[in-house]
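J.: Sharing the features that TrEMBL gives for it:
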DOMAIN    41-184  domain 'AAA+ ATPase'
Amino acid sequence: GTCYQQAKRVLHAAVPDRLHARERETGIIRQFLREHIGGRRPGSLYVSGAPGTGKTACLSRVLLDCKDELAGSKIIVLNCMSLSSPQGVFPAVAQQLGLPAAAGREGVRRLEKQLTAQGPMVLLVLDELDQLESKGQDVLYTLFEWPRLPGSRLVLMGLANALDLMDRSLARLSAQPAGSPQLLHFPPYTREQLSAILQERLGQVAGDPVLDAAALQFCARKVSAVSGDARKALDVCRRAVEVVELEVRSQTLLKPLPGGEW
């Protein structure tokens, strides 16, 4: 494709081969999975950070990189935005485990029996975890107490925007430090980090730069001041490329034919 199509492609918020400025967080997630899945130790990890700080991308990258290490375990990834209610997480997990759907306490009991029976380790990843907040927080408490059940083979990872979800909604868990979730926070990207991400992506396009370096710096400065959201920075640059592409296309269409007249 043209350089503009190439630029738009590399600016899409897909999971890159290397996540810039997230080496520490990637390492912590990888170590957590090795200790708990590889070591057959149930446990939980709560990952917080504003949208576009790389939480889901980092986890996706680690799951891809550790595919061989995780081969013997059952991996369930659910986006809680897709559930019609917080209680909908239980039948969704049951379906992934091949259990017949059962509502209410019966369904939860059946799941608990399955997760404490002999078998491979189960990694349950719940993205947009804050969607499961409910009256009394019974859904979240039930999920985070599963890894603490005798004989549990569950490793739970929850991802959400709120830094204070544990303190606000799951205060009872911290009263029992032995079973409280490990916490990992993703800070917003800085101007320098956003600039490096944009340059790294656009550096994959052959030929002259599609967007000026000063324009990338300007975009990084503006986005870091508001949110530090990498997806927003990629989106702004992609739109800028579309504008340039349209301008170039219209100029090409309006050029007179050689030796001809308008």
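Glycine is treated like the rest: Cβ placed from N, Cα and C.
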J.: Please work out the mean pLDDT for the residues of the domain 'AAA+ ATPase' (41-184).
T.: 93
J.: Do you know the DSSP helix, strand and coil residue counts for the domain 'AAA+ ATPase' (41-184)?
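T.: Across the domain 'AAA+ ATPase' (41-184), DSSP assigns the residues as follows: 67 helix, 29 strand, 48 coil.
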